[in-house]
Amino acid sequence: MARSPRGRIRQLATTSDDPLTQAIAPPPDESEVARAERLRQEAEAKRISDDIDEELKRERAVWKKNKSLFKLLLLGQSESGKSTTLKNFQLAFAPNAWQQERASWRSVIQLNLVRSVNIILDVLAEEMAAAPSRTTSPGPGSIVTSRPTSPNFHTIPASPSADLDPDADADADTAPPLEFSHQHALLKMRLTPLRQAAGNAGSVEGSTSEHGERGRMDSATEVLAGCAGDVRELWANGVVRTMLARRKMHLEESSGFFLDDVERIATRTYEPTDDDVVRARFRTLGVQEYSLTFENTDVTERGIAKEWMIYDVGGARTSRAAWLPYFEDAHAILFLAPISCFDEVLTEDRRVNRLEDSFILWKAIVSSKLLTKCIIILFLNKYDLLARKLKSGVKVKKYLSSFGDRENSAAVLAKYLHQKFRDQHKDLSPEPRSFYGYVTSVVDTKATASTLLSVRDGLLQQYLAKADLV
């Protein structure tokens, strides 16, 4: 009986010498032990293959997620306001997460206060130690000194404008001598426990042991609360204020200043406010990465760029080499230039004016080919400190000759510097791009929230346009 063509094809397929079939077929004389080993190896190979597939799936998911992340770099010299700006982002756009983290800043704020006290005690100790060689008919129980003689007094963290002021030494020579009393020695002795407290709590920055640090800071809180009255008396003392003024030390202009809030902060029951956290000083070492998820749902209708990765980088010269790897895939840079520092120098190189250093950094960033497609925003920061400094009588043209005879006011100087940064942005950018410049005081949370809202909306509009999504 003849077979159909279909039947003949089926028979050929089952009897052919197909090499693949032969390769994967078990040996005809396979023993039970060999069969068990073969099946074990096949199962292990399948497990490895499945693991690889799963890892590839995870990597694809991460890649897809990262495509929707908006990456923002905060750049600028040390103490330009980068970390404060980051906290403003968190406060404005992720208030629930902010509230959960706020209490953890208690120890940092109290440590800021302790450090300010210790700075004053350092200066006081130097002045009182140097006094005997220049004592001029002191009264009973008093020590008199005319000016500091320590060659290291410029290393104290403070406003370093004296390095740039040719009249600073002359002013100190003609000033009346300082008169220290037994009360100053007593305050210095009573506040000695704060030195130990600062040492015990000093590792709070960068700490990885939450319980250990909490114990040390609880101890520091007890010491600070016990010294609160003496801290208030030290800061209110007229001779101490005069001493700091002669050294050009303006602690109230620095981040982490809380000496005006001793009554509230130096207590066992202290709870930080939003403004306290924004003003707190926490030194950034290296590059810190923060994930900011917008809690309001109106960021974009499509949910694009609802999560931002914000990189807060250390601004000291030794930290700037770490910036480069983050340039390649950054969508935007927010550059902070503190404009109140026109009469100050860098802590790490006291030959360099801080405003000049900001211009040098700005030139390097706007001219970088790596950042050609990057959106760059400028914050001319610390306008509040600038206004206060100029009202005190500091003359801009004394330090910035190009300012000429313009009106010596914060508004005029801010406008002048805004134009200078804008001109460099236009002249040095590899390709034409929009300029975004704002005059800011990032310690003012309400005003900064409004500014950040404009910045966010502008950034997202450009980001979505570049992604062909609008």
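Including glycine, each Cβ sits where the backbone N, Cα and C put it.
In TrEMBL, annotation is done automatically, which means it is predicted and not curated.
The region 'Disordered' annotation in TrEMBL covers 1-40 (among others).
Annotated region 'Disordered' per TrEMBL: 131-176 (among others), in sequence order.
Residues annotated as compositional bias 'Polar residues' in TrEMBL: 133-153.
Here TrEMBL flags 197-216 (among others) as region 'Disordered'.
Under the heading Mg(2+) binding site, TrEMBL lists Thr284. Cβ contacts within 10 Å of Thr284 (Mg(2+) binding site), excluding its own Cβ and spanning all protein chains shown: 20.
The number of other Cβ atoms within 10 Å of the Cβ belonging to Asp384 (GTP binding site), over all protein chains shown, comes to 17. The feature GTP binding site is assigned by TrEMBL to Asn381, Lys382, Tyr383, Asp384.
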Distance [Cα-Cα, Å, rounded] between Asn381 (GTP binding site) and Thr284 (Mg(2+) binding site): 18
Cβ within 8 Å of the mean position of the Cβ atoms of Asn381, Lys382, Tyr383, Asp384: remaining residues of the chain near GTP: Gly81, Pro338, Ile339, Ser340, Leu380, Leu385, Leu386, Val439, Thr440, Ser441, Val442, Val443
Local Cβ density at Lys382 (GTP binding site) - other Cβ atoms counted within 10 Å: 27
Least buried by Cβ count (within 10 Å) of the binding-site residues Asn381, Tyr383: Tyr383
Between Thr284 (Mg(2+) binding site) and Lys382 (GTP binding site), the C-alpha gap once rounded to whole angstrom: 19
